[in-house]
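Asks: Below are the features I grabbed from TrEMBL:
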COMPBIAS  1-11  compositional bias 'Acidic residues'
REGION    1-87  region 'Disordered'
COMPBIAS  12-48  compositional bias 'Low complexity'
REGION    145-170  region 'Disordered'
COMPBIAS  183-206  compositional bias 'Basic and acidic residues'
REGION    183-241  region 'Disordered'
COMPBIAS  212-234  compositional bias 'Basic and acidic residues'
REGION    306-370  region 'Disordered'
COMPBIAS  321-335  compositional bias 'Low complexity'
COMPBIAS  342-352  compositional bias 'Low complexity'
Amino acid sequence: SADCEAADEAETGGPAETEGPSLWTPEEPAEEPPVTTAPAGDSAARVAPAPPLRREAPLPPAADMSSPRVTACAETRQGARLLEENTRRMRENLQRLRFENRRYRVRPHDGAEHSEVLCEGESTPLQLESRKKFEDMRRKIAALEESTDVERQRLKMEQQEAEERRRAQEAFERKLQEQVERDLREHREREAREAAEQSAREDEVRQALAERCQRRREQQLQEEERSRQLEEQRQGVAQARWQQFEEELERHWAEQEAEERRRLDDYARDRRRQFEEWERCLAAERQRYATEAEFCAAARRQEARTAAQADEQFYAPQRETAPGPWPSTASASATPSPPSGSPVRGVSGRLGPQERALLKELQSVQMAPREIQKAKVKDLLLRWHPDKNPGCPEK
């Protein structure tokens, strides 16, 4: 049996314990398959356990499942897992075949001694057929182990390529992150500069606006002061004209009143002289026809009239210097019309219709009291003066 075990080891390329190291390095102790032992007396009956599988490293929680690096790693792990499963199944089949082979060789039937004697002399057809099957099975196992080694080498190369891609991806991501951080820092610095420039521009605009407002207020104050001065000058000129007009009107009224008083005095003097003449005539007639009693009454009336004339002569100068109120009686207001040679009648021929209507209104109150004349003149001034009616283009 020792010779058979040595032949098996030579055919399989060495004992099971001398197989090459597994591709996956265990991170945690994995469960080892149970060791199958042959009966006592067989030292080579121990079967080597299958190498433990490497546990897959979990993905980081923040990894992006759609990134190329994660996809490549997942594909690599899937291929490695499938390869490990195939390797494990092949090793189990190999161990099962070895165990069956050794079991038949370690535990022979009762005629083993006879079989050994026959083997030394000649081989039976059944043993030749079994040995041929064993040879075929050993060749298949050797081919499977070679394909397993080739697959292991390919897997190692894929793992190295995946590691290189991972390192390149990490370097690219690190470089990209540094570039993004640098761009972000430059962007923030640029935003800070732009904010400072915008603040400076806003301050300049605000200062310019304040200066413009200040200049506008000063200009408005100057214009208001100029307008006020012009208005004061215009009002002063208008007031001077109005005062001059009132003085001329007062002088005209004084002259008119003096003329009226002179006419009244002349009229009274003419009436008095005529009345005296009539009285003399009446007295002469009475002296011829009247009785003595009637003559005495006429003499008393003559004395009263003479006293009235003396009083009139005494108080007349005082009334001229300080004229009293205008007489309101009908006899006093009934004054004669101005003479035909008055300048008013000559001027009215050269006036327009509106001016002629204004002159007629003035002449209508010519014989009225002084207060009525003043009210009428002020009313006409307010209606026709341009300073009092600035909105009327005709005046």
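Backbone N, Cα and C atoms are what each Cβ position is placed from, and that goes for glycine too.
Just so you know, TrEMBL annotations are computer predictions that nobody has curated.
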Asks: Under the DSSP assignment, what numbers of helix, strand and coil residues are found in the region 'Disordered' (183-241)?
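Replies: Its residues fall into 59 helix, 0 strand, 0 coil.
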Asks: Using DSSP, what's the helix, strand and coil tally for the region 'Disordered' (145-170)?
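Replies: For that range the per-state counts are 26 helix, 0 strand, 0 coil.
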